[in-house]
Amino acid sequence: MAPFAPLVSGILLLLWLTAPSRACTCVPPHPQTAFCSSEFVIRAKFVGTSEVNQTTLQRRYEIKMTKMFKGFSALGDAPDTWFVYTPAMESLCGYFHRSENRSEEFLIAGQLLDEKLYITTCSFVAPWNSLSSAQRQGFTKTYAAGCGECSVFPCSSIPCKLQSDTDCLWTDQLLTGSDKGFQSRYLACLPREPGLCTWQSLRPRTA
């Protein structure tokens with residue numbers, strides 16, 4: 001049975017990674033949700049070619065980390081160069097990196113398993129330069145303030161009703177048909193007072 005252990009582990013990993021996505025039918029999350037639900041959030045460059053392990057059915061990418069926003073306790077004083085793992089096939093929610101620019105920085109949010117970094121096509125992976133200045137501020141320091149107490153509640157069809165005073169109604173998809181609307185690009189769901197969370201602007205205030 002020993003020779004089959006890596007294959008079994010690989011299949012179990014694929015099921016674990018893809019179960020929430022319902023066979024890759026992913027609803028893009030608000031960036032704050034991506035931050036709070038991920039075990040690591042980093043800024044990094046994809047510097048190596050992808051390699052596929054046919055035994056575990058995993059693809060891995062070599063990355064060079066330039067900034068860590070979340071995951072300090074797990075990653076600690078980690079080296080700058082890491083491998084990020086994903087299912088080998090896109091049909092199994094595997095992430096396929098299409099950019100060939102090795103100097104381009106990406107925001108990568110994913111999960112940790114056995115001290116390895118894992119992402120899927122449902123993970124939040126985006127060019128750093130494509131994020132608004134407000135989103136960059138959110139990932140750098142502000143989104144963390146809403147984790148645990150506040151929740152972004154997606155509204156894609158009417159009627160929508162908040163479940164709690166600590167929820168913020170996310171209507172970008174409903175109003176614009178896109179997950180990259182105003183609330184996604186410029187707002188965070190943060191505590192206003194004990195037991196109450198509201199949308200708050202991340203844009204710098206001008207005098």
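The backbone N, Cα and C atoms fix where each Cβ goes, glycine too.
Cys24 (Zn(2+) binding site) falls within neither a helix nor a strand when secondary structure is assigned with DSSP, and so counts as coil. The local packing around Cys24 (Zn(2+) binding site), expressed as other Cβ atoms within 10 Å of its Cβ over all shown chains, amounts to 15. As annotated by Swiss-Prot, Zn(2+) binding site applies to Cys24.
Annotation source Swiss-Prot lists disulfide bond at Cys24-Cys93 (among others), citing sequence analysis.
Residues annotated as disulfide bond in Swiss-Prot, with sequence analysis given as evidence: Cys26-Cys122 (among others).
Mapped onto three states, the DSSP output places Cys36 (disulfide bond) in helix. A C-beta separation below 8 Å, combined with a sequence spacing of at least six in one chain, links Cys36 (disulfide bond) to Tyr143, Ala144, Gly146, Cys147, Gly148. Look at Swiss-Prot and you will find Cys36-Cys147 (among others) tagged as disulfide bond.
Under the heading disulfide bond, Swiss-Prot lists Cys150-Cys197 (among others), citing sequence analysis as support. Under DSSP, Cys150 (disulfide bond) is assigned to coil, being neither helix nor strand in the three-state scheme.
Swiss-Prot lists Cys155-Cys160 (among others) with the feature disulfide bond. The local packing around Cys160 (disulfide bond), expressed as other Cβ atoms within 10 Å of its Cβ over all shown chains, amounts to 13.
Less than 8 angstroms from the CB of Cys168 (disulfide bond) sit Cys150, Ser151, Val152, Phe153, Cys189, Cys197, Thr198, Trp199, each of them six or more residues away in the same chain. The disulfide bond feature in Swiss-Prot is assigned to Cys168-Cys189 (among others); the stated evidence is sequence analysis.
Swiss-Prot lists 24-147 with the feature domain 'NTR', giving sequence analysis as the kind of evidence.
Secondary structure from DSSP puts Asn53 (N-linked glycosylation site) in a beta strand. Annotation source Swiss-Prot lists N-linked glycosylation site at Asn53 (among others).
For Asn101 (N-linked glycosylation site), the number of other Cβ atoms no farther than 10 Å from its own Cβ, over all displayed protein chains, is 9. According to DSSP, Asn101 (N-linked glycosylation site) is assigned to coil rather than to any helix or strand. Summarising the annotation, Swiss-Prot assigns N-linked glycosylation site to Asn101 (among others).
The Cβ of Ser178 (phosphoserine) has Asp172 as same-chain neighbours under 8 Å, each 6 or more residues away in sequence. Annotated phosphoserine per Swiss-Prot: Ser178, in sequence order.
Residues annotated as region 'Involved in metalloproteinase-binding' in Swiss-Prot, with similarity to another entry given as evidence: 24-27.
Per Swiss-Prot, the feature signal peptide maps to 1-23.
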Residue pair Asn53 (N-linked glycosylation site), Cys160 (disulfide bond) - Cα distance, angstrom, rounded: 45
Those recorded positions of Cys93, Asn101, Cys122, Cys155 having Cα within 10 angstroms of Cys24 (Zn(2+) binding site): Cys93, Cys122
Cα-nearest neighbour of Cys122 (disulfide bond) within the listed recorded positions, Cys93, Asn101, Cys155: Cys93
Largest tally of Cβ atoms lying within 10 Å of a Cβ, found at which of the disulfide-bonded residues Cys93, Cys122: Cys93
Position of peak Cβ density within 10 Å, selected from the disulfide-bonded residues Cys155, Cys189: Cys189
